[in-house]
Amino acid sequence: MNPSQRKRCPYCRFQKCLAVGMKREAVRADRMRGGRNKFGPLYRRDRQMKQQRGVFRHQQHNTTPYRIKLESAQTHQPSVSNNIHLMSSHTSAPLPSDNFHQSQAYPSNLGHSELHPMLLDCTLNRDRRALAPPPSLAYPEVYHRSSHGGGSGYHQGKSEMMPYSYGPAPPSPPTPKGLLTTPTTTPSSTPTPTLTSMLTAPIPSFLAQLLEGEPDERQLCAKVLASLQREQASRGKHDRLNTFSIMCKMADQTLFGLVEWARNSALFKELKVEDQMVLLQSCWSELLVLDHLCRQVAYSREGCIYLVTGQQIEVSNILTQAGVTLTSLVSRTQDLVVKLKALHLDTQEFVCLKYLVLFNPDVKSVQDRGQVERTQERVNHTLMDHTLYTHPGHTDKFGQLLLRLPEVRSISLQVEEYLYQRHLQGDLPCNSLLTEMLHAKHS
């Protein structure tokens, strides 16, 4: 190879392609053109999201997402049920009370023809504070990456907080209901680390690595709301989204965020693209259920389900109007929420559970099974060490958390079956990542 022939160098051309944004996953091993790329919708969405981020930043001060309010049919008697209404408003909507904890939850199983008395009233909210994100799960806004101690050093700070950082930490942040409490002594008089000592203690490097990739909840909420707004804007004035379509849109955007989280994980990038696809196609519904459970444990008001858009739905309203399958799903999920609240699930434990679900060596067709097993084992040890450190008087917490995973798996399978049946009936929106994952499971 000489200077006159340098443009023929395959390596140089490949590096130039990567530099301008070519997806390494799109390269076919057999070099044959054509074929079906199962990550195609994800790539297209990835490009669209990058283009829209700039628009969001520019319009953030001028436009605000709308909020969804669910009301019973006794209050409103609409002529057309299950509709979404858009109307401008120059008044600020009241903020949610601080007495209950806000969150984003995946409504994977909401929406059915039997929910017709429900009305979605979506109004434009001019108050930017309505997008105020929920407080962090446990140890809120206290871990700050050290600029002097390398990538694994964390200390208490006021900026670049992780995880779920949205502003300066209050002097004495309240512990959300159902989350980690830290008594100084246990019934057996065994000394327990105080909250202050746990917050100032450095996080183990591997656990810090797991926490680094956690998505920004506020960005997810904004993306979902913007997606719903664009979907409704593309329709006619009298062609409104029904409840099930809205919930599927929320689930699809949440799923997209989870896939993006996995693809950006340093541990996940170590696997081959084929293994990444197989693992994601195997556990996507479990990740969605875990995502829903975590938010409910941390912030949901009693007797309510919190949506990713920031609104609460009373469980009683759903159960009185849902069919057998939906009622079973909601009841099982709420029962599991109660169990997890009793275990005081915190952010670190939730992240570890997500990685344990993602790195499942029992999935068929996984090529590098050894790497998956080693990663799962590391996460397993990290979770055990964390639970023993934060709850030395509750030595079986680690085992109790692992016992919840089969329940998550069972619920996720029921969710998949419910969605697939709705898909066969023509109710599930096409050309979405949610539909793509369903097809991958049933192909």
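Yeah, the Cβs are placed from backbone N, Cα and C, and that goes for glycine too.
Checking the candidates Tyr355, Tyr389, Tyr418 against TrEMBL: the one annotated together with Gly323, Val324, Thr325, Leu326 at the phospholipid derivative site is Tyr418.
DSSP places the residues of the domain 'Nuclear receptor' (1-29) in helix, strand and coil in these numbers: 19 helix, 0 strand, 10 coil. Using a 10 Å Cβ-Cβ cutoff, Thr325 (phospholipid derivative binding site) registers 16 neighbours. Mean pLDDT, taken over the domain 'Nuclear receptor' (1-29), works out to 76 on the 0 to 100 scale. For Gly323 (phospholipid derivative binding site), the count of additional Cβ atoms within 10 Å of its Cβ stands at 12 [all protein chains shown].
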